[in-house]
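Below is one structure, written out as structure tokens; the observations come after it.
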Amino acid sequence: MDSVDKYFEAVEQNQQQFIEALREVVAIPSVSGDAARRGDVVRMGEWLQARWEALGATCKRVDPGKQNLHGVELDLPPVILGQYGDDPSKKTVTLYGHYDVQPALVEDGWETDPFTLVERADGRLVGRGATDDKGPVLGWLLCAETHKQLGIELPVNLKFCFEGMEESGSEGLDEIIIAEADKWFKGTDVVCISDNYWLGKSKPCLTHGLRGVSYFHLVVEGPGADLHSGVFGGTVHEPMVDLVQLLASLVDSKGRIQVAGIYDQVAPVEAAEERTYDALDFNHAALVGDLKSDVVIHADERDTLKHRWRFPTLSIHGVEGAFHASGDKTVIPARVRGKFSIRTVPNMEPAAVAAAVTKHLEKEFSKLGSKNRMEMVETHAGRWWYSSPDHPNFVAAARATERVYGVKPDLTREGGSIPVTLTFEENLKRNVLLLPMGAADDGAHSTNEKIDRRNYIQGIKLFGAYLHEIAATDLAA
Ligand SMILES: C[C@H](N)C(=O)N[C@@H](Cc1c[nH]cn1)C(=O)O
Ligand SMILES: [Zn+2]
Ligand SMILES: [Zn+2]
């Protein structure tokens, strides 16, 4: 039995302990978008740092500074930089992950408390962050800890960068990576990020493309205070009426963005790219099952994937300041803030996207003839990323995947965004691999987020196998 098989056996035996560790981190409600939870985000970062240090890693806590969250001045959570092993004869793999999570409230439709990990009879481990991104971040730690317990030397040096603001635009992170590219991250041979998902539920994949995201707030305000709709309805310009019309002008019900000039920035689909959609583990029947309803726009699987991976999309996320509680409150809100984002693809540039959106909204607002005031703010923007899957980093990961799952992985792109991918690639000048742990139906950002026990445990094996494959791979080939 070689050392990788011994490692696999130990991971199998330690399953319950690994689930308990996941329970411990899910219980820390590290919601970066909620000012009231900022202490928990920091606590989560400190938890990670303490556990890596206990293992023998050298860590550096970098505090990126302050953030203004709707007028509240907050300390940004720490970026935890780490180094585990510094043998010059070994290759160095830099890992990135995030320890913050999306908001989660029971009243959104969670069947159980989002911050209490629950294992279902079918193996689902349900809890906020289980798949995005606490399971994978913990997976790297458990991989290193298991090697140490077994007395198996990790075949590579690790460097890592774990942040607590990914779900809120990674504020402050780019500057740290740029500043540390030739310092902390010096010596990196390849970068690996586990923060996305398989295309389906049964076949693993490696991911070589991401969409970018430009996030906007659209504020409409008028009266100095909320008003009685019986007294003032029909006699004043209502901010909410203006806002819904502006939001509705952005996209149609078939998902087509209505902002002039947006599609002009999109690279055409080439014949070679067309072939990459062949034989992927993806079908509409499974998608409809995951969605629990047939709300799919496109008739053809390829079109669905293209609209997920390589065409821009616009989503409307919510309205702050509007009445949303139960009951029938007859109010005219005085100031409302609509939130929407555009997922961007090659060759879109955030500045051009923001300019097109501003022009569109100004034109639409002027058509309303309203005396309210409108303001649009781009709150964050991250760029798309596209890379070749032929690099030895991907070849090593494909071998590791075959060893764990017994199949060659699909090569996929991802509709979501991990803007730091490009920051690492450009500044460390090293190949970046996305190695997902979770499955398509995990429900990241949704209610009842989960990771399957199988993906979590096999994923921890995969991480170990990948590090061993990297050690054995000629990265210059
Ligand atoms: C794919 C990754 N796990 C993820 O969920 N990324 C987020 C990043 C983001 C950007 N703004 C807010 N969050 C996403 O794609 O929404
Ligand atoms: Zn994530
Ligand atoms: Zn996320």
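Every residue, even glycine, has its Cβ placed from backbone N, Cα and C.
TrEMBL entries are annotated by machine, without manual review.
Here TrEMBL has Asp195, His228, Thr330, Ser417, His445 binding substrate, and the candidate from Arg343, Arg430, Arg454 in that same listed site is Arg343.
Matching Asp75, Asp122, Asp132, Asp226 to the Mn(2+) 2 binding residues that TrEMBL gives (His98, Asp195) identifies Asp132. Glu167 is the only one of Glu167, Glu171, Glu402 that TrEMBL places in the Mn(2+) 1 site (with Asp132, His445). Around the Cβ of Glu167 (Mn(2+) 1 binding site), the number of neighbouring Cβ atoms within 10 Å comes to 21.
In this structure the C-alpha atoms belonging to Ser417 (substrate binding site) and Asp100 (active site) are separated by 15 Å. Each of the binding-site residues Thr330, Ser417 was assessed for Cβ neighbours inside 10 Å, and the highest tally belongs to Ser417.
Neighbouring residues of the recorded Mn(2+) 1 site, listed in sequence order and excluding Asp132, Glu167, His445, comprise Val101, Gln102, Gly129, Asp133, Glu166, Ala444, Glu449 (Cβ within 8 Å of the Cβ centroid). Counted within 10 Å of its Cβ, the other Cβ atoms near His445 (Mn(2+) 1 binding site) come to 15, all protein chains included.
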